[in-house]
Amino acid sequence: MNGAQWVVHALRAQGVNTVFGYPGGAIMPVYDALYDGGVEHLLCRHEQGAAMAAIGYARATGKTGVCIATSGPGATNLITGLADALLDSIPVVAITGQVSAPFIGTDAFQEVDVLGLSLACTKHSFLVQSLEELPRIMAEAFDVACSGRPGPVLVDIPKDIQLASGDLEPWFTTVENEVTFPHAEVEQARQMLAKAQKPMLYVGGGVGMAQAVPALREFLAATKMPATCTLKGLGAVEADYPYYLGMLGMHGTKAANFAVQECDLLIAVGARFDDRVTGKLNTFAPHASVIHMDIDPAEMNKLRQAHVALQGDLNALLPALQQPLNQYDWQQHCAQLRDEHSWRYDHPGDAIYAPLLLKQLSDRKPADCVVTTDVGQHQMWAAQHIAHTRPENFITSSGLGTMGFGLPAAVGAQVARPNDTVVCISGDGSFMMNVQELGTVKRKQLPLKIVLLDNQRLGMVRQWQQLFFQERYSETTLTDNPDFLMLASAFGIHGQHITRKDQVEAALDTMLNSDGPYLLHVSIDELENVWPLVPPGASNSEMLEKLS
């Protein structure tokens, strides 16, 4: 067995049945092994698309996603996807070819120090330096990617090592991830919770990554505590939970932001006090003591000092804190905040109102539908107006905010869950970033649906130029967009273009009931903004609702 064949053998041993990639010279031996190696390979049209498809696959399944690329430009094209996976704590293993070992450091054709490049955007990176260490490195790569706080790992394999043959022994390893249960700290936290008059649960993406959604929901059922979610935490709390206040932060609900500003105890669960959540940090939850629960000790006290820091598995910590609470007045106050600041969908004129369209999509989509988004105004509207059922059913780039993420992530999700509906919500700016992945959709006849909100603008940047840069609209106009339906048709994808709100419901039904891939091109008002908004440098109490 040569090194390339061992790579494929190691993938099978890890339970990997699908990988995403793009071949090239330095990775050709691995592709030769994939030819009849028992692992399905999905050919993407760009290595960045392969990395983001691997993220979508990982998010939709909870498994480790795998992407493969050649040396040089193939490897560098993975970098944005790896950075995205790192910031959102997604388990991904990237396998790259490298020039043969004797040529490393000689500026050989398509040689790039991808190990050095990737150090800042991976949890760990390996350069395989001998055939004998390949089994260990492949095993450790998967252990590191999915243990503790998950993240991306890169394995760079010189071509001569891929071709070398030898008797390789399986390597069995597990990363030591035992965390001592913090008994004393848990007891202190229980006492704080029992005394609190206005407790609030702040739920982040770590809950879904820890597969702790059932534990969280049991905790809420027992405590009846008001709760809010970050962008990546959406779906962890059931949308119909009576005391769920919606998303927190810059484009969060007024109810969530106001309640957090009032609370006297904030329990952060798998969350990291990101700047898009907190607004002006020293004014965030000013009256609250903080209990911070997370698997990653590096997040403790990084941005907000915790009165009690609980490091460990959320599946153990949440039940340990669970207790009935007497907080009727606070519960009713939060429910009243939610009712007072609920979304309003009345909108004058015939133009399509994007928030209402997404609400109508939410009402129609199947229960197990996976929604992916790109980045921009449409992303925030999707976060606000779609009822999210589980974290794995809402896949978005929250930490890095990567335009072009939505379509390849939808590809990965659809491959992972072929029997579920997958809808990609995109904007005309983001869509063009990785539009080539329509070729992947066509090649595999993936039945994913695309809702393309087209305002002929880079909408979020334009909104900020309008609000904070004196309406100096610099390079945010996209009036030269292609004919999106004709573009989709060139890839054999059917679609429809709508411009009026009375067309929306029928168009959504047609899209969702279509058998194959479908593009719904939606023209919206170029000046429609995302509200509410916490301005830069402001407190979450100072939300803008409209232009003054």
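Glycine is no exception: its Cβ is also placed from the backbone N, Cα and C atoms.
Keep in mind it's a predicted model, so treat the numbers as computed, not measured.
Annotation comment: Swiss-Prot describes GLU47 as thiamine diphosphate binding site. Under the heading FAD binding site, Swiss-Prot lists ARG149, 251-272, 294-313. Feature annotation from Swiss-Prot assigns Mg(2+) binding site to ASP428, ASN455; the stated evidence is similarity to another entry. Per Swiss-Prot, the feature region 'Thiamine pyrophosphate binding' maps to 377-457.
Annotated features taken from Swiss-Prot, shown on the structure.
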| residue | record | DSSP class |
| --- | --- | --- |
| GLU47 | thiamine diphosphate binding site | helix |
| ARG149 | FAD binding site | coil |
| ALA256 | FAD binding site | helix |
| GLU262 | FAD binding site | helix |
| ALA268 | FAD binding site | strand |
| ILE295 | FAD binding site | coil |
| ASN301 | FAD binding site | coil |
| HIS307 | FAD binding site | coil |
| ASP313 | FAD binding site | coil |
| ASN455 | Mg(2+) binding site | coil |
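Among the binding-site residues listed (GLU47, ASP428, ASN455), GLU47 has its Cα nearest to the Cα of ASN301 (FAD binding site). Cα distances from ILE295 (FAD binding site) to the binding-site residues GLU47, ASP428, ASN455 are smallest for GLU47. Ranking the binding-site residues ARG149, HIS307 by C-beta neighbours within 10 Å puts ARG149 at the top. Around ILE295 (FAD binding site), taking its Cβ as the centre, 22 other Cβ atoms fall within 10 Å, counting all chains. Taking Cβ-Cβ distances under 8 Å and a sequence separation of 6 or more, the neighbours of the residue listed as 'thiamine diphosphate binding site' in its chain are GLY21, TYR22, CYS67, ALA69, PRO73, GLY74, ALA75, ASN77, LEU78, GLY81. Taking a C-beta cut-off of under 8 Å and a sequence gap of six or more, ASN455 (Mg(2+) binding site) has these contacts in its own chain: GLN377, GLY427, ASP428, SER523, ILE524, ASP525, GLU526, GLU528. There are 25 other CB atoms within 10 A of the CB of ASP428 (Mg(2+) binding site), with all protein chains counted.
For ASN301 (FAD binding site), the number of other Cβ atoms no farther than 10 Å from its own Cβ, over all displayed protein chains, is 13.
Note: ALA256 (FAD binding site) has non-local neighbours THR228, LEU245, GLY246, MET247, LEU248, i.e. same-chain residues 6+ apart with C-beta under 8 A of its own C-beta.
For ASP313 (FAD binding site), the same-chain residues 6+ apart in sequence whose C-beta sits under 8 angstroms from its C-beta are VAL179, ALA210, ALA212, ILE295. In the structure as shown, the Cβ atom of ALA268 (FAD binding site) sits within 10 Å of 26 other Cβ atoms.
If you take the C-beta of GLU262 (FAD binding site) and look for same-chain residues 6 or more apart in sequence within under 8 angstroms, you find LYS198, HIS287. Look at ASP428 (Mg(2+) binding site): DSSP puts it in a helix.
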